[in-house]
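Reading through the structure tokens given below for one structure.
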Amino acid sequence: MQRLQDLKETFFGLEVVQQQLLISSAVAIGGILAYWVFRSKEAKTIPIGHGWWGKGKKPLSEDDQIHTFTITTSDEEIKDLHARLDLTRYTDPLEDSHFNFGFNSTYLKRVVSHWRNVYDWKKQVAALNQYPHFKTKIEGLDVHFIRVCPPSRENQKVVPLMLVHGWPGSFYEFYKIIPLLTQNHDGVAFEVICPSIPGYGYSEAPQKKGFDSVAAARIFLTLMERLGFSQFYLHGGDWGSAITTNMAQMKPDCVKGLHLTMFFPRRNFKMSLSLVIGRYLPFLVGFTREDVRRIYPYFQKNVWQMLEETGYMHIQATKPDTAGCAVNNSPVGLAAYILEKFSSWTDMKYRDLSDGGLERMFTLDDLLTNVMIYWTTSSMTSSMRFYKENFGNLINRLDFKTGVFVPTGLAAFPNELMHNPKVWAQTKYRNIYTYTFMPRGGHFAAFEEPQLLADDIVQFVKKVGKI
């Protein structure tokens with residue numbers, strides 16, 4: 001008690017400035033201590049959980065064998081497609097609207113003409129089958145994946161790597177990057193596994209409600225275990241980023257490294273403060289000059305632009321089956337809905353072009369093959385449901401509140417939908433090994449810039465593995 005009285009007298013004997021300095025220091029130290037207590041108590045993993053997504057009740061046992069799979073087509077399938085293409089009704093676009101109102105129907109006629117008269121689906125099926133395809137039953141669903149092994153070479157370290165796509169993409173996005181990854185990189189080559197998210201393409205759609213990115217992550221972890229991999233690397237973008245992030249949160253001991261092209265921070269006051277200060281004093285908040293260039297003007301690039309581009313998200317996160325009825329019944333409607341994203345998400349400036357800039361980065365054959373994967377499997381509606389399942393309970397999701405502690409590599413492409421500086425990313429990803437400002441490219445990185453992405457993945461894996 002006497003000691004407390006002495007401290008009190010000493011404090012009030014100080015000058016006002018000294019008292020304020022002492023109080024500020026105490027508050028700062030208290031804040032730091034509180035922060036570290038919070039960090040030490042923060043969960044570092046999320047529960048693996050369990051699920052059953054097939055029809056009816058879960059059986060006592062499930063076939064865990066891996067079966068080969070071949071993509072097929074038929075004359076009847078192509079005849080039906082052509083008949084629907086021929087019956088398409090078009091609406092004339094507004095003058096000078098380009099792609100600002102959505103897919104321009106004048107250019108859409110050119111796409112449909114190519115689809116009807118030039119595009120060869122049988123030839124594309126043969127191209128899809130150039131890599132080995134498989135299916136295996138997990139949690140009641142037939143899960144499709146491709147597995148590509150590198151050629152056998154002496155003194156070569158083979159590294160397993162799973163690549164996970166998003167919406168409205170597919171496993172086909174990775175066809176150009178696969179040969180770049182399986183080649184030898186100074187003694188390192190990748191064995192590549194590309195699954196289709198359940199409900200997308202050739203993976204069976206869930207029959208029960210609740211299938212979100214956490215459920216997909218658990219299924220893909222089971223897949224890697226079934227393939228015999230105890231440790232592996234992951235790469236993802238779009239929904240693939242969320243799924244692979246969840247995989248790293250579930251089993252960090254299995255994930256040697258996580259590489260992402262789309263990543264989101266944990267929103268907090270520090271982030272809001274950095275937005276206010278960062279444009280004028282970037283060094284105070286950890287921004288680089290490139291961060292400033294990509295973020296500002298913030299309202300235009302990250303608020304208004306996102307409002308313009310996320311209308312689809314609100315539909316799919318609320319009533320996906322309603323919109324799904326339309327696009328699942330019309331191949332031209334499906335193509336317009338999908339390919340509009342391949343225009344604006346590659347470069348927002350393409351909205352001001354009459355052809356949406358689609359053939360600047362892609363061929364019509366490649367774009368239509370991705371569309372055909374959705375069309376021939378009738379998987380558009382089930383893929384859209386993934387939004388409702390994931391956005392339905394955001395507030396209570398544990399994975400949103402949990403950090404990621406595995407080695408992480410982030411590739412920031414300049415035309416990605418939203419730029420997140422490294423200092424923001426660190427609020428979620430606590431062990432960032434590499435953060436690369438990519439010189440060009442947008443949302444569909446592997447499809448647009450396979451060499452750039454492959455080089456960044458190789459650099460990241462070599463740094464993590466000290467190879």
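Here the Cβ of each residue, glycine as well, is placed from N, Cα and C on the backbone.
Marked as active site, nucleophile by TrEMBL: Asp238.
Every protein chain considered, the tally of other Cβ atoms within 10 Å of the Cβ of Tyr387 (active site, proton donor) stands at 20. Annotation comment: TrEMBL describes Tyr387 as active site, proton donor.
Per TrEMBL, active site, proton acceptor is recorded for His443. Counting every protein chain shown, the number of other Cβ atoms lying within 10 Å of the Cβ of His443 (active site, proton acceptor) is 22.
Residues or ranges marked as domain 'Epoxide hydrolase N-terminal' by TrEMBL: 66-174.
Look at TrEMBL and you will find 21-38 tagged as transmembrane segment.
Averaged across the domain 'Epoxide hydrolase N-terminal' (66-174), pLDDT in this predicted model comes to 97. Other Cβ atoms within 10 Å of the Cβ of Asp238 (active site, nucleophile) number 23 in total over all chains.
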